[in-house]
Structures are given as C-alpha cells and as structure tokens.
Amino acid sequence: MSPSPIPAFKLNNGLEMPSIGFGCWKLDKSTAADQVYNAIKAGYRLFDGAEDYGNEQEVGEGVKRAIDEGIVTREEIFLTSKLWNNYHDPKNVETALNKTLKDLKVDYVDLFLIHFPIAFKFVPIEEKYPPGFYCGDGDNFVYEDVPILETWKALEKLVKAGKIRSIGVSNFPGALLLDLFRGATIKPAVLQVEHHPYLQQPKLIEYAQKVGITVTAYSSFGPQSFVEMNQGRALNTPTLFEHDVIKAIAAKHNKVPAEVLLRWSAQRGIAVIPKSNLPERLVQNRSFNDFELTKEDFEEISKLDINLRFNDPWDWDNIPIFV
C-alpha cells in the first residue's frame with residue numbers, strides 16, 4: 001500500500017511545501033543515496049539539504065534513482081538547499097547555486113535559503129568545497145562586507161531565471177527580517193530556525209507567521225544531534241527523549257517522545273525536517289498527525305523553554321547574531 005500523502009503548507013508565492021521533510025544534515029556520504037531513496041519510498045517528498053552538508057551529490061543520486069524507477073517525478077519532489085557563508089557576494093551566488101544544481105542533478109531547486117546572515121571571504125570551489133569555516137587563511141575567520149540585501153537581490157534574479165522556485169532565510173532574527181523587507185522585491189517564503197522545547201522563540205515565530213512567512217524547525221529533538229557531535233552544552237543538557245514531561249505526555253497518548261516533539265511543532269503551524277537511519281523511524285517520524293496535544297500538554301511543554309540554543313555562531317568566532 002502506498003504511503004499516505006503528507007499535508008502541505010501553501011507558501012506566500014502560491015507554491016506548496018510538504019509540512020514534513022527529511023533532513024539531510026549529517027547524512028553520511030556512504031549511505032546518503034540509499035537513505036534518501038528509502039525515504040522517498042516511505043512517502044517523504046521534501047529533502048532539506050545544504051551546500052555545507054557536503055552530501056548533495058549523494059542526495060541527488062537517491063532522488064535520481066527514485067525518479068528513474070518511476071517512484072516519483074521531479075515535480076513531486078521538493079528540494080531545499082542553502083547558500084553557504086563564503087558565497088554571499090552577488091557575483092558568487094550563481095556559482096554556488098550552479099554547483100548545487102549539478103550535484104543534485106536537477107535544473108532548479110524548490111527552495112534556496114541564505115544559511116546564515118554571515119559573509120565569509122570567498123573561497124573558490126576548486127580550492128575547497130564545501131569550505132565550512134575555511135576562509136583561505138588557515139584557521140582564521142575572514143569576513144566580507146556584503147549587505148544581506150545585496151545577496152538577496154542576487155537570489156531574486158535567480159528566481160526570475162527559473163533556477164530557484166522559492167527563496168528564504170535560515171537563522172535570521174526578527175531585526176534582520178525587518179531590514180530585508182525594506183529592500184526585497186520577493187518576500188522570503190520560509191524562515192528556518194532552531195526550534196525545540198528548550199528554545200521555543202514564540203515572538204519570532206508569531207511575527208513570521210503574521211507576515212506570511214512559513215516557519216520550518218530544525219533540531220526538533222533539541223540537544224540530540226549535538227550530543228552526537230560531543231558538544232559540551234548538549235552533553236550537559238537533559239535529553240528531551242528522556243525528559244519526564246515529554247515521556248509523560250507520550251505515555252498519555254500512547255506515543256513515543258519523538259512523535260510528541262514533532263506534533264508539538266506541527267500544532268504550532270511549523271514544518272519539521274527530522275531524519276533517521278531506521279526504516280521504522282522513517283515511518284514513525286512522518287505519522288504523528290493522528291493525535292492532538294491538549295492545552296494542558298502545551299502548557300507543560302511551554303514551561304521547558306529556557307532559551308537554550310545549540311547552534312550559535314557566537315561559539316564559532318563571537319559572531320553576535322543572537323546576542
């Protein structure tokens with residue numbers, strides 16, 4: 001039996017984006033193609049990737065295999081990628097996008113986000129790709145004076161050229177959204193942010209939704225992904241999977257903690273992009289829409305908010321995006 005369709009959000013440009021996607025961050029290159037292919041077979045249609053993840057070739061292979069086998073068409077797949085920090089200069093934006101399109105083996109991406117509001121020094125693709133934190137000077141961070149609006153204007157041109165269907169931003173605070181609105185011709189369709197019970201960001205999410213921007217949550221399970229990276233802050237934070245509040249709500253609804261965490265975001269009108277290597281979890285992570293959290297559940301989860309951010313550029317080089 002075919003998997004049931006995933007509900008979609010209508011973006012402010014009229015296009016539809018699945019409300020549940022498959023996150024490609026930290027997908028191992030040796031297994032990424034198979035994982036993406038299996039996720040498509042399990043009913044996933046949105047794949048959230050990025051230049052910085054270093055696995056877009058493999059993601060593209062998984063998508064291509066599914067298309068070649070007739071499981072899906074390109075039009076049924078929603079591919080998200082993100083412009084990395086080294087490519088913010090308008091003259092480098094299309095170069096970076098073309099690399100993504102080549103790696104994904106497609107003519108366009110459905111959504112292209114500015115990954116962070118940070119402009120590093122340009123590093124040629126042939127020198128190092130993805131460059132990560134490399135700025136051409138050993139371990140030193142080197143920045144370029146590129147206003148966000150200039151980068152945005154370059155993305156708008158690529159929408160008009162047909163290489164991108166929707167554009168948006170990631171890791172932007174409200175003040176930068178306001179600044180972007182002053183000069184943007186195309187409004188951001190999506191805002192992607194870290195979002196979990198320890199970092200609920202209610203005002204930012206309320207504002208984005210009020211002005212017609214769809215919000216996508218990453219790291220819906222809180223410290224989990226960062227524990228796997230041995231991040232000290234995450235290692236010293238109680239896992240949400242074992243938190244008494246989350247476990248009690250899960251038991252009440254006969255669900256597992258992951259389903260509660262994803263359902264909590266969904267009921268806030270937020271898209272989610274979990275990932276899993278396990279086939280049974282692939283199904284579980286996209287089937288949380290069959291129950292409702294109560295007002296009391298929400299009140300209990302809201303008490304867990306401690307404004308604890310795990311993905312903070314301040315940790316890189318004292319970059320003050322969220323201070």
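Cβ from N, Cα, C; glycine included.
If you look up Swiss-Prot, you'll see Tyr53 marked as active site, proton donor. The feature site 'Lowers pKa of active site Tyr' is assigned by Swiss-Prot to Lys82. What Swiss-Prot records for His115 is substrate binding site. The annotation NAD(+) binding site is assigned in Swiss-Prot to 219-285 on the grounds of similarity to another entry.
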For the recorded positions Lys82, His115, which one has the sparsest Cβ surroundings, going by other Cβ atoms within 10 Å? His115
Determine the most Cβ-crowded residue among the recorded positions Tyr53, Trp264, using a 10 Å radius around each Cβ and all protein chains in the structure. Trp264
With every protein chain in view, what's the tally of Cβ atoms within 10 Å of the Cβ of Ser219 (NAD(+) binding site), excluding that atom itself? 23
If one looks at the chain holding Ile246 (NAD(+) binding site), which residues at least 6 apart in sequence have a CB under 8 angstroms from its CB? Pro197, Leu240, Pro257, Val260, Leu261, Ile301
I need the CA-to-CA distance for Lys255 (NAD(+) binding site) versus Tyr53 (active site, proton donor), whole Å please. 31
I need the nearest neighbour of Leu282 (NAD(+) binding site) among the recorded positions Tyr53, Lys82, His115, using C-alpha distances. Tyr53
Long-range Cβ environment of Ile273 (NAD(+) binding site), under 8 Å and at least 6 residues apart: Ile20, Gly21, Phe22, Gly23, Leu46, Asp48, Thr216, Ala217, Tyr218, Ser220
Using Cβ-Cβ distances, find the residues under 8 Å from Glu228 (NAD(+) binding site) that belong to the same chain and are at least 6 apart in sequence, listing them in sequence order. Lys26
Cα distance (Å, whole number) from Lys82 (site 'Lowers pKa of active site Tyr') to Thr237 (NAD(+) binding site): 29
Sequence-ordered binding-site residues within 10 Å (Cα) of Lys82 (site 'Lowers pKa of active site Tyr'), taken from His115, Ser219, Trp264, are His115
Ten-angstrom check, please: count other Cβ atoms within 10 Å of the Cβ of Leu282 (NAD(+) binding site), all chains counted. 22
